[in-house]
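Feature annotations, reproduced from Swiss-Prot:
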| type | residues | note |
| --- | --- | --- |
| ACT_SITE | Asp245 | active site, proton acceptor |
| BINDING | Gly87, Gly89, Arg90, Lys110, Asp122, Gly123, Arg173, Arg180, Asp255 | ATP binding site |
| BINDING | Asn246, Asp255 | Mg(2+) binding site |
Amino acid sequence: MPDAFPFDNTYASLPDRFFTRMSPKPVAEPGLIAVNRPLAERLGITLGESDAELAQLFAGNVVPMGAAPLAQVYAGHQFGGWSQQLGDGRAVMLGEVVAPDGARFDVQLKGAGQTPYSRMGDGRAWLGPVLREYIVSEAMAALGIPTTRALAAVTTGEIVLREARMPGAVLTRVAASHIRVGTFQYFAARQDVDALQALLDHTIARHYPDVDGPSGLLDAALQAQADLIAKWMGVGFIHGVMNTDNMTLSGETIDYGPCAFMDTYEANKVFSSIDQFGRYAYAQQPQIAAWNLAQLATALLPLMPDRDAAIEEFTEAVNGFAARFDTAWHGVLRAKLGLVSEQEGDAQLAFDLLNRMEQGGGDFTQVFRALSGPEPERAAEAFAAPAVLAPWLKAWRARLARDNVAKAARIASMQADNPALIPRNHRIEEVIQAAVKGDFAPFERLTTALQDPFTDRPEFADLQATPARSEAVTQTFCGT
């Protein structure tokens, strides 16, 4: 059966200044690494069985029928500095598919060759970042966190030059859309009100059909990002490059370049090698989200009839982000601690635990997972200094007693909110190093394990473990 994509391309019907129409650049000798057949089925995409043909498809050598390939343009603030034109420098969107349930998704090839937005880059991707995004985006989906997805990964049979000669690869990314804060900024900076209005109408129709106008879209984006960042922080996730061009209007996580998950808890933890001043540190993520959303609000101002009134309205809305985030974050923390009701002092109880983790070298994931078990006192084993936990445990147990929830119910609830397994940085690095040598078995094992992160499985105990000091990853790289 030939490959079939249920394309219905609405972004391609926007004015030409939104994108450049172009096809992916063919590669020499594509080879299939992985294809996500459950996701393909979810999207209503019919795929053949031939690995060779799938490799040609997902490398961009064959463009599927009904596609309308294009590279999108956008702008953005990168580490606070304004870039008036960015865009898809190495990605080509094949088009939009409409899934059997009516949901609409973009299908994009990353590493598809040079575009008009490549800015001196070669338009290609190397194997490491492709595997990292495949692993982490699929792990995030399994964790229940809004995210882009990975449909396929292929090698290209070509070498790309980075810090060394690296094997090339292409990732097929699926997203609710690729509309970014930076997309709005691009047209606002050019005072292109007609394009801004078209983008607003398109975004609302696609993501928030029940809201009205710029105010409604801003409100929806504020809530979506408050919920998203709280979920990130609930699994110790650090995005690492929260530029405005990496914030979606859909509320999905996008662009996994230097991302990482904390092992030992540190509020101001930074992994990204390019984040020299800690702008995007773990605890800074809510403040940066608010800053980015203020840029969205600014970009929407030209669409408001009364600019002065709009500035006042939007300022109040953005200033309200902190309260939205606190509500979402406190809800995440209560669930992680098994607290059913909302009571005064809950947030302080949670923050006290985090402080003790930081003081005592507690592994973020393992501490919460152990608290979810039948012997929560074993959470002390996940600390370098176990004694710091005992006073907190006493206070937590007293708080649990006030909810009067059966132990079995509490355990089940907490284990559904506290994963046993996350994609630990050192395990991802091991996968990449093996794959560069042609061994994809570790990649297959890790991706299989991460499909079910809330279940303890002895066969994956090594993947759950805190890294030894010699294994710990202290810095991550964009790799673009």
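Every residue number used here counts from 1 along the chain in the order it is shown.
The backbone N, Cα and C atoms fix where each Cβ goes, glycine too.
When secondary structure is read from DSSP and collapsed to three states, Arg173 (ATP binding site) falls in the strand class. Cβ-based neighbour count (10 Å, all protein chains) for Gly87 (ATP binding site) stands at 23.
Of the recorded residues, Gly87 (ATP binding site) and the residue listed as 'active site, proton acceptor' place their C-alpha atoms 9 Å from one another. Reduced to three states, the DSSP call for Asn246 (Mg(2+) binding site) is helix. Close to Asn246 (Mg(2+) binding site), meaning Cα to Cα within 10 A, are the following binding-site residues out of Arg90, Asp122, Arg173, Asp255: Asp255.
Cβ neighbour count within 10 Å across all protein chains ranks Arg173 highest among the binding-site residues Arg90, Arg173. Each of the recorded positions Asp122, Asp245, Asp255 was scored by how many other Cβ atoms lie within 10 Å of its Cβ, and the smallest score goes to Asp122. Separating the Cα atoms of Arg173 (ATP binding site) and Asp245 (active site, proton acceptor) is a whole-number distance of 16 Å.
Taken residue by residue with DSSP, Arg90 (ATP binding site) is part of neither helix nor strand, so it is coil. If you draw a 10 Å sphere around the CB of Asn246 (Mg(2+) binding site), it holds 21 other CB atoms from the protein chains shown. The full span of the recorded ATP binding residues, Gly87, Gly89, Arg90, Lys110, Asp122, Gly123, Arg173, Arg180, Asp255, taken as their largest Cα to Cα distance, is 23 Å. According to its DSSP assignment, Asp255 (ATP binding site) is coil.
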